[in-house]
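Working notes, structure below.
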Amino acid sequence: MTNLFVLQLLNGLQLGVLLFLIAAGLTLVFGIMDVINLAHGVLYMVGAYLIATFAAATGSFWWGLLLMLPAAVAVGLALEWVVMRRLYARSHLDQVLATFGLVMMANEVVKIVWGVSPLSVPLPGILSGSVPLMGPLQYPVYRIAIIVAGLAVALGLFLMVNYTRIGMLLRAGATNRDMVSALGVDIGRLFAVVFTLGAVLACLAGALVAPILSVDTGMGESVLILTFVVVVIGGIGSIKGAFLGAILVAVVDTLGGVFGPILLRQVLDPAAAGQAGRTLAPMLVYILMAVILFARPAGLFGRRG
Amino acid sequence: MAEAAIPAPARRPVLAGRVKAALVLFGLFAALPPVAAAAGDPFLVLIATRILAYAIAAMALDLILGFGAMVSFGHAAYLGFGAYAVAILASFGITDIFVQIACAAGVSALFALVTGAISLRTRGVYFIMITLAFGQMAFFFFISLSAYGGDDGVGLRSRSTLFGTDLLENDVTLFYVTLAVLAALFLACHRIVGSRFGRVLTGIRENPVRMEAIGFTPFRYQLTAFVISGMMTSVAGVMLANQAEFVSPAFMSWHRSGELIVMVVLGGIGTLAGAIGGAVAALVLEEALGMMTEHWPFWFGLFLVLMVLFSPRGITGFVEKLGRRRP
Amino acid sequence: MKLEIAHLSKSFGALKVTDDVSLAVAPGEIHAIIGPNGAGKTTLIAQLSGQLAPDAGRVILDGQDITGRSMAERVHMGLARSFQITQVLPGFTVLENVALAVQARRGSSFRFFARVAEEAALNRAALDALAEAGLDDRAHVVARALSHGEHRRLELAIALATGPRVLLLDEPLAGVGGEEADAFVARLKALKGRLTMVLIEHDMEAVFALADRVSVLVYGQVIATGAPDAVRSDPQVRAAYLGEEEESAA
């Protein structure tokens, strides 16, 4: 039982850092530009497809990862330049419609280019296999690598936001956009940088997860809404909130799916517990969101209600 | 009387025009089954029934989106409640359509009340994301119902019964009943918009601060409208399940919620009749593109993006400042 | 109706915008609050109307503590306000703007079927309020098409239509000049005695024409309260406020 718990906790942590990578960009885009972007999940999917393509072409996960990054920058910049920058001054409804259109387009483009059957990305040799954790418990090296990489990026973001000039502008922008333009900063460029940064982080999350998931067109969708929950829980515009929200959501989601039915079996007969567990587990994060929002409408670290 | 001294209100003809537009649409629909029969394409009636059901949902969404500036991205959930009310009640032998509608509306009212009360404490992007998340929660709930097919959904053994008869088994009858439901709900929405309540709701859309300063608490009215809209949307779900003779969680995916918003916007938000026209336009466009290419979502998406980018002030100009954050 | 303010305080960070303000406005009195820009006048109105919660102190309406009441509740108790920056429903006609304010106090607004546009009682009361504000001839114009001066009159008409017994007027004459301002002052004068009014105004001519008493607010503090002439000749006030105003006007 303890082993299972530790295992699931690690799985939750691994999902959490991935969610954070996606949510970090999203929360900045929401907080600083006040733009809702439904196509953010698409970027996660694109990252996975890019690494699948590059890894297959070069025969190496690492080359794939290396080539994916500039491609992700290009995708982010292009998306910002062609569509997003025209949406900043628009109503949220316009933003919803345009980015919803982008989601439809992107899913089809992926189908046209890569086909409908899922792709897979081989694990990099050096990170395959498992390490002993405690007792008989083994844990895959690659998942540990994801956790480490995610935490490293989180630390990097934290340092950037708190100790660099661009981070200062980001923080100022999330609180008061007019102030940033009053400082004489080129808002257009700042937005382009933030959006592209967010896009690259989402692509990176998709690329990192590609070897342990099947890469298919639906992968961006479920993650998108989970990411929204993370952003809403954490408070829009807050990196710290996004991090805690991501870990919280992922751990609740992972542990709930495994331990919910086990706990329910104590009070219900097995069949009923099975059904109730299957029903409740995927709803848990939304219930968590509802409870947190009920107590704090602006999220854990949000400034506005 | 004082009213006699003042000129007639300028806006009345506009509203009357919208009613006229709706009547023309209803007339055209009513003429469809004979035409389809003459053309030897009975399948057309089923497609038209589907369009009518979506028109009900789009109109219900317009009530809060157009008149209340609430961008709900979770309205497909109510379609699902309606559809599953048919399937679940039928599995217990309850096939009467009125009972099914009552149950669907009851569940929807409860869900809208709880999720609306939480969502309406926020606004702007928060509101959009939270309604989307709650919609997804409902989606997962129905996916987990293995007794009703889970992910795959479940077929209906028969359509709902009307006054104890199986009249609805006839596609043309189902079509006319759906049309009648749409017309009745249009009338209801039209009266709501022109009522005391509707004026308060529209006033909150225009300027919530002003409304508080004359003594209204926006939350109560917004929540009431949210509940009414959810209940009406569930009726669309009941009709949709009967049309498809099949229900699945796909009825309530977030894409469906997005499509409902697209329908409202295509027809012109805040017009009711426009939402009906928008549902027709969106679904006909989908069908037409679908006949030309299997990759129709690409073209539909491109159409949406271009429509937004090339409308000079945005297609949804007046929701602008209201969707934005509180001053 | 009597309005009392007891030791009201409000800070934004280190800035004290309302600093231990106490005032008593007698029934039927027009009490003007003047002061330089940034003295905290609008913030004070916001606390009286319930838009903003004070940090400390109480607002008492006819002996009843209303400090914790919402803006909407206060309106129902007879406390209405007008805004310095016009707050109307831009897509509604002038008549609809005012009829909605009447509707707020007459009967339930949870009525879903009957046409509100055909409720003669609402329209009649709205037209009465419009007549008092001098805007009845524009009843069917959409609000966004009004001129600035007309907007100010609509603002007043809406406040009157809520049936107030105490009216908080936040610079009703802002941006209005010449004959239009004179006519506006005459309209407010006509209301005198029927309503208790708290008037914030920069137009000194209007203040001295209307006010029974004047309070001077500087940096969130009331530095003087009294009859207009007494306040006008108060050396402290002249130094802090009036002199400056005359200079800038010159």
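Placed from the backbone N, Cα and C atoms, the Cβ positions cover glycine too.
All annotation found in TrEMBL is predicted automatically rather than curated by experts.
Keep in mind that this is a model prediction, so the values were computed, not measured.
Outside the transmembrane segment (B:47-69) by six or more residues, the chain places 29, 32, 36, 75, 78-79, 171, 174-175, 178-179, 181-182, 185-186, 189, 192-193, 198, 201-202, 204-205, 222, 225-226, 228-230, 232-233, 235-237, 239-240, 243-244, 259-261, 263-264, 267, 269-272, 274-276, 278-280, 282-284, 287, 319, 322-323 with a CB less than 8 A from a CB of the stretch. Marked as transmembrane segment by TrEMBL: B:47-69 (among others).
Taken from TrEMBL, the feature transmembrane segment applies to B:76-92 (among others). If one looks beyond the transmembrane segment (B:76-92) by at least 6 residues along the same chain, the residues whose Cβ comes under 8 Å of a Cβ in the stretch are 57, 60, 99-101, 103-104, 107-108, 111-112, 134-135, 138-139, 142, 145, 148, 154, 156-158, 160, 230-231, 233-242, 247, 249, 251-257, 260.
Per TrEMBL, transmembrane segment is recorded for B:98-118 (among others).
If you look up TrEMBL, you'll see B:125-148 (among others) marked as transmembrane segment.
The annotation transmembrane segment is assigned in TrEMBL to B:173-193 (among others).
The transmembrane segment annotation in TrEMBL covers B:219-240 (among others). Long-range Cβ contacts of the transmembrane segment (B:219-240) within its own chain (Cβ-Cβ under 8 Å, at least 6 residues beyond either end) map to 49-50, 52-54, 56-57, 59-61, 63-64, 67-68, 70, 72, 75, 78-86, 97, 100-101, 104-105, 107-109, 111-113, 116-117, 119-121, 160, 174, 177-178, 181, 185, 188-189, 192, 197, 200-201, 204, 251.
Sequence annotations record features per position, and here TrEMBL assigns transmembrane segment to B:260-284 (among others).
Annotation source TrEMBL lists transmembrane segment at B:296-315 (among others).
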Counting CB pairs under 8 Å, which listed stretch among B:98-118, B:125-148, B:260-284, B:296-315 touches the transmembrane segment (B:173-193) the most?
B:260-284
